[in-house]
């Protein structure tokens, strides 16, 4: 339980050991209670008792109990609340119901629980990459057989009952993510927001002893606190000077940023949920010159998907072509599309390529694939004939298509003919009736080729374009979450440094601490303090007048 | 032609310079400190940085595209990342010397890249249509820089664990009430000027604790920085995927493992917020992160499937 309030934010920790010692009515009557913050009202009933234990546990014999009353903004409040809250028990069933959400909140914002959840998520994801996803059950029967279980116990029963074959949409995974989201919200609410409020309150330390107890402390024998203030200001600190004491801080944004990180993650999760339940997607392979209607291709993904008017748009593929490198490999795919509305009027015309999609009316068309539709040839002066090309091998980027032109008696069972193969749209390889390689022709050369008495001219290679269509209402939310996450993660690198100083006669006592850059802080402070000018006394009486608080 | 010879020259110079730097460190460790050579090892790392930068720039110029399209180029970029980290820490704080971590890392990655295993990939490769985008520069460079920083940080944590191996066992074994994290020992030591703890009675132990404290702190700062780069890399990759294929997250093996890496280091940052878990447990998490980064970077490529198949390679020696 002691992990509930983040102990590294030690502004709280430092004040508690001192104040809980002076529980006197004098203290209660002199200080006005600040308006109660959510933090005090809600979590104190569970944390204060633990915190008292902690601070007692940590108080060493070495600590020096000062007899002075510490005048800080935060301390007296806590002592007020502490005394008043303890006797309150909230009896009865109604009290239990009222306390239940608070208990759940406290349970969820436990840090080891959150860490455990993150480990579980990571483990499930790793498992999801180890087990092949989305295969037929038969595949799992073979791969994880019952007679010979992997690792001694892992059979297909585990895979199918727990839903590990569709891990990333399975109940376990989504359930853990939901739990993580709830922990995120609970932790932000109970822990981080109050910490920010505490960090923002600045306080002056009025005694040299309290300053000496900081993580870094030093004293400058002959200096003026105003010089120190000026130097700190020049170094990017915000300085507050009140009488003989000084308070300066830098990098407060670094305290707010983790809240921003959590909120950005919640935004991303919300957007992701919307995408998963409210979008439409579909893919289509369209030969050059043909049309399709957007609404026919798109299918909903979840219960929140609602179609829009623009789904009635018809898409006409004007032309599909590819660019090639000098070495012959494909460099880019292009599709020239026209969008026509219900009346047949063209509303948009654009050439797509792989990293350049078409956006219209809420849906987006992406160029993702290509295929070979037909080969147009002229045979012996007759034609043109369209020979459909069949895919022989579709290995990702390496494809092979082929077609067959029968020659001679087409009714006999052993029909012989001319085979034509192509890897892409730029060259066709022809084989004769015996299956031997005969020649290569390019479609735009229009050069005839004579094979076994048949004169063939390859007129055109007609490709078909593979398009993916999508509408996704969650994308703006997710993008906003991405941007916020990037920004807030960068900002949370900043370290919140606080410096207190006190002018005591001619000596200035300086103390400070920082929350992240603990290693560099002493060096930075030493460099700053080196620059504070030392006041050399020419005549003692003059100096004491000008320096004294 | 001139560019490829220039590239070869740069590769050979940087490799040999890093080997010399490591040899100097070994001499200092095993034999004795040779006065005058220590500065040269620092200069050697600076020379190495400029050589690798030159290598990348020449490759960029004569390939026409940003040099990050396959495994070989990304390995060179990774070793550039290591030497960049070393340069930044060298110029900011002259005290702490990271070259014992960055130099061997740089040499290992460069050695692997230029070794015979990847000769096929060293020649310039044509950029596939899907990679012809401005996002290539941002996404891959951020990811590789993130990997470099996280690897450095997790190596520092591993070093921390190795140095304090025996103390780790006692600290884990002790009762929670009495266990001390390194931060707390340091803190107590600073506040009360009395050396209460028996650990500090010998000066050797005191210096060891100084070292572990520094390792702890540096590992935290470098991992935070690497985490920022990793976040930006993953998110820019998601935006690129959305622009190219219409969906920003596909549970591709590489994407999933990058997310797992991100999660592990998020766990690390969260363990640092709690004084009890700080110190030993966070170092253990960061060490796990070291293995996970290698699985993410290399292991997934060996599978050769999915959207990220550009990085795949088969281990055939030519």
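Cβ coordinates come from backbone N, Cα and C, glycine included.
A TrEMBL annotation is a machine prediction, not a hand-curated record.
Among the residue ranges A:48-75, A:76-103, A:104-131, the one that TrEMBL annotates as transmembrane segment is A:104-131.
The feature transmembrane segment, as given by TrEMBL for the ranges A:206-228, A:229-251, A:252-274, A:275-297, sits at A:252-274. Record note: among A:172-191, A:312-331, A:332-351, A:172-191 is the stretch given as transmembrane segment by TrEMBL. The average pLDDT computed over the domain 'ResB-like' (A:113-373) stands at 85.
Taken through DSSP, the domain 'ResB-like' (A:426-525) splits into 25 helix, 47 strand, 28 coil.
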